[in-house]
Amino acid sequence: MIKIFKLKNIISIKDFEREDVEYILDEASKLEDIAKSREVSEELKGKILGLMFFEPSTRTKMSFETAMKRLNGQCIGFETTGSSSVSKGESIADTAKMFEGYSDALVIRHELEGVSKFISDIVDVPVINAGDGAGQHPTQTLLDLYTIKNEIGEIDNLKIALIGDLKFGRTVHSLANALGLFNNITIYLVSPPELKMPQEILHDLNKTNITYIEAEKIEDVIDDVNVLYVTRIQKERFADIEEYQKIKGAYIVNKKMLEGKDLIVMHPLPRIDEINGDVDNTKYNKYFTQAANAVPVRMAILKTLIKNNPK
Amino acid sequence: MIKIFKLKNIISIKDFEREDVEYILDEASKLEDIAKSREVSEELKGKILGLMFFEPSTRTKMSFETAMKRLNGQCIGFETTGSSSVSKGESIADTAKMFEGYSDALVIRHELEGVSKFISDIVDVPVINAGDGAGQHPTQTLLDLYTIKNEIGEIDNLKIALIGDLKFGRTVHSLANALGLFNNITIYLVSPPELKMPQEILHDLNKTNITYIEAEKIEDVIDDVNVLYVTRIQKERFADIEEYQKIKGAYIVNKKMLEGKDLIVMHPLPRIDEINGDVDNTKYNKYFTQAANAVPVRMAILKTLIKNNPK
Amino acid sequence: MIKIFKLKNIISIKDFEREDVEYILDEASKLEDIAKSREVSEELKGKILGLMFFEPSTRTKMSFETAMKRLNGQCIGFETTGSSSVSKGESIADTAKMFEGYSDALVIRHELEGVSKFISDIVDVPVINAGDGAGQHPTQTLLDLYTIKNEIGEIDNLKIALIGDLKFGRTVHSLANALGLFNNITIYLVSPPELKMPQEILHDLNKTNITYIEAEKIEDVIDDVNVLYVTRIQKERFADIEEYQKIKGAYIVNKKMLEGKDLIVMHPLPRIDEINGDVDNTKYNKYFTQAANAVPVRMAILKTLIKNNPK
């Protein structure tokens, strides 16, 4: 049976069914040799990707560029609002229509939720949401799932701890939503009380088969998980700086606490100090692998959308 | 008979004869399938375009990049003076000599009139003026003519209204000059008294067969034209802000005034509010097509100049 | 006998033996036709170069980009710290690990000496130092040597005057070190007393067969040399501005002083006024050729390192 990927745009991970996720992960596996530069591809030769980054995000932008270029495609775009026509008073809609005229697909990053969706409604080319405000960052979630599948062997039966800022962390929201598509998942939600997972995400999880357990300390869950998914706690989130100083140590992962455990450590990066440097040279460190996985996963997305939606 | 394009540089539309314009427009037509990504080209494989943008212009820069990349060429360059060596005290001449060493052609954007010409005198590679001060923007004019030819069928016999800021608008000056190469052209010059077409352009027009008629209101000319070419009126042009508020409404195009008419609306973009959003989804809207036409026209220019002038 | 290039990284010219320099210069010669766009190459097709420019350097960055693109490779990167993840508090090490995941080789520019070496110790891909603080800029030295060899015929037996700021000038330090690998070299060190060649470089030279002679005026040495290698004297180096005004004229090269001499003038550029514009159109001017030589030399480096060190 020939599988097809039916989404035209990648706006929210909530638009995905399990088979859509699996399609991208399978495609990404097939593209590994090209991503790692062991094989040369002309898959997207002559195609152009428009990168509309209204807020900077070096890592995301650069991995999309790398993905496009490994497939022999090319990129155009801007990386701050200041360097776009929007700074001359042009509407986002007009800027997007201009990019549509030049490109085979668009990648959008904006501080406001909903901008990617808005643009996808007015242009004919595929649109990829590369992060909009507190909203979605679906391609990050796909590369997280790809990393879990590669490192653990499957996504079903996963026991994962989401650690740190679960209130504002866009990546943990999207990942929790996506795990609802898989079977027998247990999620440990490890955060200070001020930064607990929002009610609406818990409400989403209640509609799935996911078992979730809230906790305040990594120590309480570390023996029960395959994956520690660490995120950064920003001190700006705390009204009381002393409160921040008091609690932040409880959410730092170090080598000593990992010893003898059968698990991996992931992080969407950039990290500041929430993973100690002594973890870097251990087998637990999968956050650099995870970062590199952005390339085959975004290659899979670009190839699929552009091939399925010729201009 | 084999036609050849005899210009080495594109500095001013005034350097063009009719056959030069036609050469570029014909070439652009042939490149449409590549511009629209329906066909892959290696026409400029291995070639490098140097983009020297001393003042930012996202749209122009990006369409040149797109044009080069669709032909399998590559780009280098900067997009503000701050990111060029000129910020370290290097002369424009030395910067241009450096770019000459790296590139197969140069595109220059500068706030001062004459900079493109100056550079073309000191380098051996072809130079393209992408806008210098109040001077020329010849590739914009070529894409305007291409749009008129595609949408109206021919350029001869055109009846066009140039609307808005005719005093400072570089694109309308160049376009008026270029239309002098064609037959039986009527131009309606529609502007507030403060922003009338300058005497030197009218003087140029007097030397051609163009019929031109000055008017103050769109309503006065709308029944007589094939094309409304709209430009923005900047409030900074008015000493008296109340005067600006009073007159600006007279130069806004909306859907209602277009209904039943047999014409198209063009605009060099970006627009602010001088074309109402309700025109976007009508048949009159050709400004997004015009923007997209930048790609095949600039492809034609790059291909022609680089092929005709090997390093 | 098949020669091989044994360095994995290009960190300091002091790591080179004579045969390593000759390998790169020979390879650069073979790549001239591609550099000058007379021939098309797919040598680095599908490969990606990561450009990590923590401080801006248009000329260096653009020549690396040109070199990569002439070989059909692609580039990603940033050109100021502000546009890197480091501005979000990420460590240089983590940023480098991210780039390692995306790229086949890294080019590093940083204001601090030692950063390139540090990064080369933590990543598996080849690292090229494109200038670190007052330290090394080895690829500049290689293109200087390439220019000398092409213009004079050989490097052995060279008589060269290094002129200007010999105290802080990174390029003259590296070049003096590199000349120690060749035979029968005489270096004239021409500078104001405040800006004499540092003792540690003289100490290095004492360990070689180089003959060096210190002088204060160009006139004293101009009849004895094949090459005037001019660098800029920055007025910021002087506590006493009057002292600067008094001496600076003695280090300016002009056409009159060159007439009848059998020598060439080189400069790492950008220049301000230390070479008079009247030299530009004479046979003595090799500084623009030297700038253009950056392309074949950096092509040779990129090709050699990436081919020798597949991911």
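Our numbering is plain: 1 for the first residue shown, then up by one each step along the chain.
Every residue gets a Cβ built from N, Cα and C, even glycine.
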Among C:Arg18, C:Arg109, C:Arg237, which is the one TrEMBL gives for the carbamoyl phosphate site where C:Arg59, C:Thr60, C:His137, C:Gln140, C:Leu269, C:Pro270 also bind?
C:Arg109
Just to be sure I understand, if DSSP states are collapsed into helix, strand and coil, how many residues of the domain 'Aspartate/ornithine carbamoyltransferase carbamoyl-P binding' (C:8-149) fall in each?
71 helix, 24 strand, 47 coil
Measuring Cα to Cα, how many angstrom lie between C:Arg109 (carbamoyl phosphate binding site) and C:Arg170 (L-aspartate binding site)?
13
Quick one: of C:Thr60, C:Lys88, C:Arg109, C:Gln140, C:Arg232, which binding-site residues have a CB closer than 8 A to some CB in chain A?
C:Lys88
Indicate whether C:Pro270 (carbamoyl phosphate binding site) is helix, strand or coil by DSSP.
coil
Taking Cβ atoms only, which of the binding-site residues C:Lys88, C:His137, C:Arg170, C:Pro270 fall under 8 Å from chain B?
C:Pro270
Fill in the CA-CA distance, C:Leu269 (carbamoyl phosphate binding site) to C:Arg232 (L-aspartate binding site), as an integer in Å.
9
Would you count the other CB atoms within 10 A of the CB of C:Gln140 (carbamoyl phosphate binding site), including those on all shown protein chains?
23
May I ask for the distance between C:Thr60 (carbamoyl phosphate binding site) and C:Arg232 (L-aspartate binding site), taken between their Cα atoms and rounded to an integer number of Å?
17
Across the whole of the domain 'Aspartate/ornithine carbamoyltransferase Asp/Orn-binding' (C:157-304), what does the mean pLDDT come to? Round it, please.
94
What are the DSSP helix, strand and coil residue counts for the domain 'Aspartate/ornithine carbamoyltransferase Asp/Orn-binding' (C:157-304)?
65 helix, 25 strand, 58 coil
